[in-house]
Structure formats: structure tokens, C-alpha cells
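Engineer: Grabbed the feature section from Swiss-Prot, which reads as follows:
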type    : residues                      : note
BINDING : Arg86, Gly124, Thr125, Arg126 : phosphate binding site
Amino acid sequence: MVMRQNNRTAESLRPISIERGVQLHADASVLIRMGNTHVICGVSVEESVPPFMRGSGKGWITAEYGMLPCATDSRYRRETNGRSGRTMEIQRLIGRSLRMMVDLETIGERTLRVDCDVLNADGGTRTASITGGALALRDAFTKLHTTGLLEKMPEIMPVVAISVGMKDGQALLDLDYVEDSSADADANFVMAGDGRWIEVQSTAEGRPFSHDQFLAMADLAQKGSAELLQLWRDQE
């Protein structure tokens, strides 16, 4: 059995905590901590939609992602001249995942913008952003309903995400930065509350991985996602 930092097994998540309502001026917010990765997810509701959605009767959910300068071991420069390709890729992943939570026709022609800001980065920032952002969105929908802006509470599909890697033939759940930087392969799995996959991103780093190794990573992601879904239910 592989033993990792903090006596984690290959199948163990890092310690997780959820703090809700941490931003005074957000419509909803969540601070999610997964080990030493900490991400604050704030939701802003705008009573309009992008031009391509106008007149459709549908709402829109989008996301922005960024890291604070001291989130990493060496100062991360603010992206003042436009977002990098990596940042754009991550925030599109977050947005696609979060749009799976609801039928956009049930939220009216309004935009819910989810800002995911990484306070501390130790691997898995995009997956933590998805899980935390989804929890914050749920609270935002509840607020819209209780304040009368939404006549009916939309049916919400829980959404969670987790990383898995392959190191020396062993699948590892919820990689920290050291593990991620030395993995032979890594993957991000986004799961809906009914157990179906929303998105899977998997890349070989040191060497190609086999079909069986991919299935081992998927099985581990399924286990970790089930634990995150239980966390979601515990927050209800």
C-alpha cells in the first residue's frame, strides 16, 4: 500500500472543509479547503444575459478563475494584460461544468457569474473551484428563490470534481502539487450527482498509460466523487 503525506493512502482525499457566506457583498460564497489548496468562490447575479442569449428565455452561468500572487511558492504575477491560455482553459472547464447544475430555462434571463480565486495552491485548484463553485451556486439559487426573484426553486444537480494521477503504476486520488508535478499521468474528473460523468480530462506526462490504468483512475475518481457528493448532502 502506498503511503503519502499526512499518512494518506492511495485512495484517500485530503482533509476537506467548507465555509459558506464568507464574502459580505457576494450573492453567495464558499471557501473550500482541500488540504493546502484553498479557493474562495463568489457568485454575482446580474439581471441580464450575454447578447447571444437575449430573447432565448434562458439564463447563463459563467466562471472566472485566478490565483492570488502569493498562492504559490514563488510570486504569481497578476494577469493584467489578459488571461493566459491556461487560465482561459480552466475557467471554461469550470463554466461548462457548472452549467450542468440546472436547466437554464428555469432561472430566467439572468447571469450567475462565479469568481474562483485561489488563495493557496497545492494541486487540484480547478477541481476545488468546481466543487466550491457548485456549492456557492446552490446557495445563490436558494437566495434568488427566497427573495422572490425566482418564483420556483430550480431542480439542482449536484456537481463535484476531483483529480487522479498515475505514479509508478499506482493510481492516486486527489493529488497535491508534489504528486501532480511528478505523476506519469494525471486526470480531472467532473461528476454529476447521479453518477454520470460531465467531463474527463486525462493527459500522459512521463509515459503513456494503458486502458486498464485509465479505468483504475476512473474507478478511483468515482470513489472520491462519491465522498464529495456526501459532503454536498451534508451541507444541505
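Cβ coordinates are placed from backbone N, Cα and C, and glycine is handled just like the others.
So where do these features actually land, and what's packed around them?
Structural biologist: Within 10 Å of the C-beta of Arg126 (phosphate binding site) we count 22 further C-beta atoms, all protein chains included.
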Engineer: Run through the Cβ atoms and count how many others sit within 10 Å of the one on Thr125 (phosphate binding site).
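Structural biologist: Other Cβ atoms found within 10 Å: 24.
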Engineer: Can you list the residues of the same chain, besides Arg86, Gly124, Thr125, Arg126, whose Cβ falls within 8 Å of the phosphate site's Cβ centroid?
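Structural biologist: Those within range, site residues removed, are Tyr65, Ile90, Val118, Ala121, Gly123, Thr127, Ala128, Ser129.
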Engineer: Within 10 Å of the Cβ of Arg86 (phosphate binding site), how many other Cβ atoms are there?
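Structural biologist: Step by step: centre on the Cβ of Arg86 (phosphate binding site), count other Cβ atoms within 10 Å, giving 11.
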Engineer: For Gly124 (phosphate binding site), just count the other CB atoms lying within 10 A of its CB, please.
Structural biologist: 26
